[in-house]
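Below: the structure, in structure tokens.
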């Protein structure tokens, strides 16, 4: 089944590339004398977005091949499965039903029979499993440790889903870097830190021989440190660009709002987008038409060509403007920003193994499989599905200029960088705080349970000591333990 699932994932990746091959080719303005002169820094640049899906689909398909050579049943499990089938056959026999009728069965035997059904639940038929499932589900959901750990993992998965979906776009808009460079930094820093965090968490659990209380303390410590290193992210970022006619200009530089008649003769289209930058004032214009430019100059170089627009009536002193958006003066801050994000991701992933151990140790042996299934169901429904929608809606509220298509909002051209940073990082901080609260409650409950267990053990210790005295000095303690 794992192999077939991987093949389906590979086919889904191939289907994602179909829009590139069946859609209408991209349209550009070919009427300009200089032709098409786009670079990777141009907002209109469209890269080979489909190539990554093809590579990923091929890798998944290759990785799925070994699964088809696995045996249907593991050798160690054959005898156990045969025993369970025999027990199930004896349980369902008519003679057994008459013998174990409710009128002839004590409450303790009835409970043992129900527990036996739960233990052989993997081999039940569909109707039998439906009868057993509600009781096991309610029994699992009533466990406070299980619920709190799953809720904390929901918060962490919501944070991870938002980061995985919108972090490249956030870095691209916040620090004015290219999409390829943003993804390269994420692949080189964030993903390795996640792997290191998961591995270190497992090593700590094994080396320190952590019990439930120790696992809860490790989870809480990791999330507290993750929350602490998230605070500087609110203050690392770049200010918004000065966009003529859109953002408020603090200086009295000439622009469309100061010269309303400078582009009247141009009849600029309202839906056009071909940004140009005035390097002297670092003011950006939506199109050369909005800057009042009437001439285009292309300077050829060895590796690339640079496009300039001259005779611009809306630019201070008629200076020429360069094609493309203005570069940011703080693009170098993207590296320390992503280092802090990677460190926080490693600390958050430190809780992966101990939290999973809390789930496995917190439920009964026969309920572990169902508990893991419920856990992943909650993660998909409560985290991975709504989190990208929540992050996307929060990011859309920071847009200051929308591109229109058929009279409707299509894509955001410019964001308020301060609002974008505060709301994106604020959502991440909110989910981390929720995870910290859940792990704190888990640790409090585990300590209370441990305290009650010690109290019960201390009360039973005098009886054990008395039994040791009665057993005599010739007997070993192991022979008379309770």
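Note that Cβ sites are derived from N, Cα and C of the backbone, with glycine treated the same way.
Looking up the ranges 68-91, 92-115, 116-139 in TrEMBL, the one annotated as region 'Disordered' turns out to be 92-115. Between the listed ranges 17-43, 179-205, TrEMBL ties the annotation transmembrane segment to 179-205.
Range annotated as transmembrane segment by TrEMBL, chosen from 47-70, 239-262: 47-70. Taking pairs at least six residues apart, the transmembrane segment (179-205) and the transmembrane segment (333-360) share three or more Cβ pairs below 8 Å and count as touching. Looking at which of 217-237, 333-360, 381-404, 424-446 has the most CB pairs under 8 Å to the transmembrane segment (145-167), the answer is the stretch 424-446.
Note on the transmembrane segment (333-360): residues 145-146, 149-150, 152-153, 156, 159, 163, 167, 171, 174-175, 177, 182, 185-186, 189-190, 192-194, 196-198, 200-202, 204-205, 210, 212, 214-216, 218-219, 222-223, 225-226, 229-230, 232-233, 236-238, 368, 371-372, 375, 432, 435, 439, 442 of its chain, located 6 or more positions outside it, place their CB under 8 angstroms from a CB of the stretch.
Nonlocal intrachain contacts for the transmembrane segment (424-446), taken as residues 6+ away from its ends with a CB within less than 8 angstroms of a stretch CB, comprise 144-145, 148-149, 151-153, 155-156, 158-159, 162-163, 166, 170, 212-213, 216-217, 219-220, 223-224, 226-227, 230, 233-234, 344, 348, 351, 355, 358, 390-391, 394-395.
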